[in-house]
Amino acid sequence: MTGIVIKSTGSWYLVRSLQGGQLYKCRLRGKFKNKGLKVSNPLAVGDEVTMELEGGEHQAVITEIKPRRNYIIRKSTHKAHHAHIVASNLDVAYLVVTLVSPRTSFGFIDRFLVTAEAYQIPATLLFNKIDLYDEEALAYMNQVMGLYERIGYPCLPLSAQTGEGLPEVQKLLTGKTSLFTGHSGVGKSTLVNALVPDLAIKTQEISSFSDKGVHTTTFAEMFEVEPGTYLIDTPGIKELGVVEMKKEEIGHYFPEMRALLNKCRFNNCIHINEPGCAVQEAVKKGKIALPRYESYLSLLQDEDSHR
Ligand code: GDP
Ligand code: ZN
């Protein structure tokens, strides 16, 4: 029997069977090691597993993990060398942003996009709260959306409150595993509630598997919008460790720079003040947007301070 992990705790996993859709509370058989990955949890939501039924009616043992297409890791904020896998096998990562109350900065958006590129997960931007935008804010939104769409990131305007734009988002989700993240206050919870029908009932069904009175760490939870359509809600992305990058690599995670990389005179060019730099040339000509280049410089500086 195969299934998808929809909840991962420190000690057990909730797995939705891919044959029949039943939920099973599972433990792992034997020791699982993530080869080459220093993480504290062997399994994460989104993992596809093989399992065998065990004694109890809704109990099974996980015997195998299928290879992951991709995954996201979060570093612990309090323990220097601890990290865990948040989720795996993601089709799209969505960042919910707003241009008013509060305004999401370019720096924050670009950091998310670089992280998604590094994890090889396609990213999409959702501009929420459009019901609050005046004409000026709408014009600004169209400008920002144009900027990101030209680079290749789809953008959608919506209002989680009025429901405008929701059908378009729903259409994108169908049949996929999607990660939702965003600054607190942008309306991510409101949106997730609007997208997942019967969220409260589903949450209750999942929590009915928890051992009462036993403290377990929940790493992340995955919701089923409908069979085959999954949504993962994660808090801030600040800790989503921007994968450790060499300075020369950061440009690879900006698609508009990536396209120019072998055009620079020096192959280890980091596009600051080198002569014959195709990236600086493109910034001067307006072919690379200045805010994007500024985000790039700020990421370079971060890497500096890590050394
Ligand atoms: P989260 O921190 O990102 O999960 O944000 P919440 O979903 O808790 O929303 C923060 C606040 O923004 C709440 O007061 C929501 O009612 C409000 N909000 C969320 N979406 C919208 C929207 O589309 N339009 C407006 N006007 N308010 C919204
Ligand atoms: Zn260069």
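Backbone N, Cα and C atoms are what each Cβ position is placed from, and that goes for glycine too.
The number of other CB atoms found within 10 A of the CB of G182 (GTP binding site), across every protein chain shown, is 26. According to TrEMBL, the GTP binding site annotation covers N128, K129, I130, D131, G182, H183, S184, G185, V186, G187, K188, S189, T190.
Sequence-distant contacts of H271 (Zn(2+) binding site), defined by Cβ-Cβ distance under 8 angstroms and a gap of at least six in the same chain, are G251, M257, C264, C277, V279, Q280, Y296. According to TrEMBL, the Zn(2+) binding site annotation covers C264, C269, H271, C277.
In the predicted model, the domain 'CP-type G' (77-240) shows an average pLDDT of 88. What TrEMBL records for 77-240 is domain 'CP-type G'.
Sequence annotations record features per position, and here TrEMBL assigns domain 'EngC GTPase' to 88-238.
Here the Cβ of N128 (GTP binding site) has 24 other Cβ atoms within 10 Å, regardless of which shown protein chain they belong to. Over all protein chains present, the Cβ of S184 (GTP binding site) has 10 other Cβ atoms lying within 10 Å. For ligand 1, the nearby binding-site residues are N128, K188; that is, of N128, K188, C264, C269, H271, these have a C-beta under 6 Å from one of its atoms. All protein chains considered, the CB of K188 (GTP binding site) has 23 other CB atoms within 10 Å.
Taking a Cβ distance under 6 Å to any atom of ligand 2 as the criterion, the binding-site residues G182, S184, T190, C264, C269, C277 reduce to C264, C269, C277.
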